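J.: Okay, these came from TrEMBL:
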type	residues	note
ACT_SITE	GLU144	active site
BINDING	HIS143, HIS147, HIS153	Zn(2+) binding site
DOMAIN	39-261	domain 'Peptidase M12A'
SIGNAL	1-18	signal peptide
Amino acid sequence: MWSSVIPLLVVLWSTVSSQPNFLTNQDFINAARIPTTGPRMRPLFNDQRFSLKLEKPTGMLNAGEAGLSIEIEAAEHQRAVIARAIASYQAKTCIRFVPKTPMDFDYIVISKLDGCYADFARVGGPQQVSLADECINYPTIIHELMHVIGFIHEHQREDRDSYVEILYQNIIPGASMDFDKLSMLDLSYYGEDYDYLSIMHYERDEGSKNGQDTIEPKVLRSFFHYLGFFSRMENNAVIGNSSGFRTGSAEEVLGDDQRRS
């Protein structure tokens with residue numbers, strides 16, 4: 001019996017272990033057929049994990065380069081989705097993901113731990129991005145990578161009260177912290193306007209316990225039905241300078257033809 005089972009185990013182990021810890025050229029070729037539209041998976045509660053040792057996001061990794069290690073066993077389609085998100089991310093930000101080397105102390109690890117979440121900003125050492133199977137879709141990956149480089153949810157900005165009202169009475173128990181302002185982080189928004197369509201913005205009924213809205217815009221009420229809906233990357237969360245990986249200006253990141261009007 002074992003003589004027939006052991007070769008099979010060897011073949012299975014070889015198949016599972018053969019995936020590289022970074023994206024291949026074939027992954028990026030396959031990524032060309034991945035759509036970039038559609039809503040992110042919901043909900044994304046408690047998806048920004050704050051380290052106790054993080055006082056304020058500081059510095060950047062190697063002038064905008066971030067070491068990346070992909071430590072998940074993913075199907076070909078899943079790797080293509082990750083590659084599509086990485087390609088779009090690099091096209092619209094000044095961050096470049098490079099294969100993690102043994103010399104890297106600070107680097108990003110994509111793994112399957114517990115749902116969808118990311119360590120917020122630079123914490124020192126391995127920085128986790130958890131992508132369970134249900135999280136491997138284009139907008140969700142972009143959303144979590146934004147947390148990694150130091151962006152909070154748009155509706156948690158210090159200045160959010162001028163733009164939205166949070167309807168706490170409609171929020172499910174235990175989720176209110178995901179709607180609170182994060183004033184203590186002392187983040188800069190680099191002069192970028194509040195963006196109702198940001199990929200970092202919750203939708204209007206996110207976290208509702210009764211089907212009623214949890215976020216209501218105070219201005220531009222015509223955007224009421226579109227809060228966070230378009231998963232837009234051409235917004236302050238992308239063209240601005242990350243507080244965790246600060247680099248050039250918005251013009252340097254996207255160029256004049258791609259800036260938001």
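Each residue, glycine too, has its Cβ placed from N, Cα and C.
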J.: Taking the Cβ of HIS147 (Zn(2+) binding site) as the reference point, list residues of the same chain whose Cβ is under 8 angstroms away and which are at least six residues distant in sequence.
T.: ASP47, GLN48, TYR117, ALA118, ASP119, PHE120, ALA121
J.: Fewest other Cβ atoms within 10 Å: which of the binding-site residues HIS143, HIS153 wins that one? Let me know.
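T.: Each of the binding-site residues HIS143, HIS153 was scored; lowest Cβ tally within 10 Å is HIS153.
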J.: Return the average pLDDT for the domain 'Peptidase M12A' (39-261) as a whole number.
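T.: That region's mean pLDDT is 76.
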J.: Might you list, by sequence position, any residue in that chain lying six or more from GLU144 (active site) with a Cβ less than 8 Å away from its Cβ?
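T.: Result: ASP47, CYS116, TYR117, ALA118, VAL129, SER130, LEU131, CYS135.
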